[in-house]
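> The Zn(2+) binding site annotation in TrEMBL covers C83, C88, H165, H170.
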Amino acid sequence: MSSPFLKQVFNKDRTFRPKRKFEPGTQRFELHKKAQASLNAGLDLKLAVQLPPGEELNDWVAVHVVDFFNRVNLIYGTISDGCTEQSCPVMSGGPKYEYRWQDEQKFRKPTALSAPRYMDLLMDWIEVQINNEDVFPTNVGTPFPKNFLQVVKKILSRLFRVFVHVYIHHFDRIAHMGSEAHVNTCYKHFYYFVREFGLIDTKELEPLKEMTARMCH
């Protein structure tokens, strides 16, 4: 029996915020379908993330970044009513890790914020990046910017922090909803992908190191 959480995560009509879609007929759409087909076929996640022969790395990465943004968004959205200014006054991953927000507009210096405020700013920031044609071009033949992978690394390292916060501070909610296996699968997919292409520094992965060692072989 599927859990209510699973229906929320994979029901395309339920989104925490507007979802970036791939236009049918484009190369990016075909790559997205290829990636989804591998997952639906039950292919080993380590193999599923590998760059298909003949495909461009940046295209493959772009497709996955958008997909991970959508999935992590939905995961956080399902527990967000339990992540409040009162319950999570600081965006953290347990007592050892505190995440401060910094951007080019309002917060030019690393600033301590509540988890929900941090998440809001993070999702807005990522949405701006992936909807920016200069960073994530949608037209075939339009080159990616030279700093594309640099931007991607920042997006993915910040998305990883959402996993850290959700696992450490809201795992009981996930378990209560019967969603543990589904969130774990999303995490493993994310982890294998960033490791395959070296998109997150090992230091950033420390907060979930022990859990990852048990889960991802």
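Counting starts with 1 at the first residue shown.
Cβ coordinates are placed from backbone N, Cα and C, and glycine is handled just like the others.
Give me the structural setting of these features: burial, nearby parts and distances.
Counting every protein chain shown, 21 other Cβ atoms lie within 10 Å of the Cβ of H170 (Zn(2+) binding site).
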> So if I draw a 10 Å sphere around the Cβ of C83 (Zn(2+) binding site), how many other Cβ atoms end up inside it?
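Other Cβ atoms found within 10 Å: 21.
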> C88, H165: which of these binding-site residues has the highest Cβ count within 10 Å of its own Cβ?
H165
